[in-house]
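Student: One structure, pasted below without further comment.
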Amino acid sequence: APLFHQAFISFRKYIIESSSVSADLHIILNDICCGAGKVCLLGHVDDLFPFFLRHAKQIFPMLDCMDDLRKISDLRLPPNWYPDARAIQRKIIFHAGPTNSGKTYHAIQRFLSAKSGIYCGPLKLLAHEIFQKSNDANVPCDLVTGEERVYANEDARQAPHVACTIEMCSTNTPYEVAVIDEIQMIRDPARGWAWTRALLGLCAEEIHVCGEAAAIDLVTELMYTTGEEVEVRNYKRLTPLTVLDYALESLDNLRPGDCIVCFSKNDIYSVSRQIEARGLECAVIYGSLPPGKALFLLFLRECSASCCFFRKSFEMKQDKCIRRIIFNSIVKPTINEKGEKEIDSITTSQALQIAGRAGRYGSSFKQGEVTTMHRDDLMQLKEILSEPVRPVKAAGLHPTPEQIEMFAYHLPDATLSNLIDIFVSLSQVDGLYFVCNIDDFKFLADMIQHIPLNLRSRYVFCTAPLNRKEPFVCTTLLKVSYFF
C-alpha cells in the first residue's frame, strides 16, 4: 500500500509535467480528457494500468523480483545463518544474578582455564579489563575493539584468547570457551543484534552467558530452536546494599567513596566544577573515554579520589572504591523503537545495575549505599528499585552483509541506504525477534555513498559505533574511508 501511494503520486506528476508521452498513452489520455464524465474515466482504468505499472517498476525496481527479495529478507530462522555453530553441539551455561554477585567472575575463571576462548563485552573498557587480567595471569590474550587490535605476542601471532567488544567477535573461529557479558542487552533497540549474533553464532564448545535473570526465559527459548539446552546457575549479591532514607541535597555533604551518576556530559561537567570549587578531588569518567585515559582516572580514583562521576557507570566493573551511589537525576535520554529520542525515568534494570556498583565484594567497603541528589527523587527511586525487572521478550536482529549483497545482486543500482530500507520493509520476523533501529547505519551509508567502495567494505564502515552528532568523528570516518 505505501508503495502504491508513492507510485500513484509519481505517475500523476509524470503525466502532468512531461512535455511528451508515448503515442498510445497520449491517445488514452486524450480519450479521457474528451470523455463525457466519470463513467468514461472509470472505463479507462484498465487501459491506464499497464502504463502505471511500467512507471512503478522504473521507480521501484524491486517490484520485478519481489518474491526473491522476500525470501532473502525472511528473518524467521536466524539460527540457520550460522552453519559452523550448528555443526557442533554447544553447552550453554547461564550465569544469572544481580550486580556484584560474582557471576562474571566465575565465567572468566573458566575462560582463563580454557585452551582457547573469547570474551564479548558491551564496552571497550570491559574488553580492555579482561585483556589485562588475562595477560597478567600469563594467559596470552589479544584485544579487538572497533578502534584497535592489540596482540599479546610481540610477533603479532594471534593468541588463543581474545577479548573484544561484542560487535567485533568472529563467528567463524573455533574456541573452547566463549563468554557473552550483559546478555540482557540483547533487547537493546540499537545494538541488540550483536548479542543475538554472538549467542547464535559463536563456535565454542561452551558458551557462558552472564546477565540478569530476566533474560533466562528468552535465552532458553532461543536455544530450544537450535536444539541446545541451557544450564542456569543463579547467584546472589555478595555484600548488602542499603537505600538511604535521606538525599544528599548539597555537595557540601560529599565524603570519600561517593560516586555521583549523571546521564549527560553537561551535568557531569557542571557538577564536577562545583565540587572542584570546594577544593575536593574527583575523577570524571564516562563510557566514551579511551581505555587508557579511563583506566588512568580509575587508578587515581583508587588512590585519592573523593568522588567520581559516570555517564554510564552501570556498564563498568572497575569500581573498587565506591561506597555510595548518588543519582544526580533519575531521568535519562533514551531512543525508542522508532529511533526517536525520549526523556524518561530510568528502568528498574538500569537502576539496579547502577546502584549495585556500591560496596563491591573485595573493596574497602563492606556494604553499599544508594541515594539521590534531590529529596524529591528519592521516593521515586525507591519505587523503581522495588519493582520487578521486566522479562526480556525479544532479541534484536540486523541484516547480514551476505543478505545485503544478495539484495544488491537483484537491485544493482540501489544505494546501500536504499537496500537497507527495502530489506527492513520486506523483512519477516517471529515473536522471538525484532529488527534493530537502522537510522545510524543509514546515516553513515548516505555519508560515504560518493566514495568508491565495494559493498562489503561499505557495510563494515556503516557498522562503526560512532556518534553522528559529533562532526569531527564523522569527518574522520569519512577521511579514513577514502583509503579503502
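Backbone N, Cα and C define each Cβ position, glycine as well.
Sharing the feature lines straight out of TrEMBL:
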type	residues	note
DOMAIN	3-69	domain 'Suv3 N-terminal'
DOMAIN	78-235	domain 'ATP-dependent RNA helicase SUV3 DEXQ-box helicase'
DOMAIN	444-478	domain 'Suv3 C-terminal'
Student: With an 8 Å cut-off on Cβ pairs and a sequence gap of 6 or more, do the domain 'ATP-dependent RNA helicase SUV3 DEXQ-box helicase' (78-235) and the domain 'Suv3 N-terminal' (3-69) reach 3 or more such pairs?
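Tutor: Contact absent: fewer than 3 Cβ pairs fall under 8 Å.
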Student: So what's the mean pLDDT when you look at the domain 'ATP-dependent RNA helicase SUV3 DEXQ-box helicase' (78-235)?
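Tutor: Mean model confidence (pLDDT) across the domain 'ATP-dependent RNA helicase SUV3 DEXQ-box helicase' (78-235) is 94.
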Student: Using a Cβ-Cβ cut-off of under 8 Å, list the residues of the same chain that are 6+ residues beyond the ends of the domain 'Suv3 C-terminal' (444-478) and lie near it.
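Tutor: Sequence-distant neighbours of the domain 'Suv3 C-terminal' (444-478): 146, 165, 167, 191, 288, 401, 404-405, 408, 415-417, 420, 484.
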Student: With DSSP helix as H/G/I and strand as E/B, how many residues of the domain 'Suv3 C-terminal' (444-478) fall in helix, strand and coil?
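Tutor: Summed over the domain 'Suv3 C-terminal' (444-478), the classes give 20 helix, 0 strand, 15 coil.
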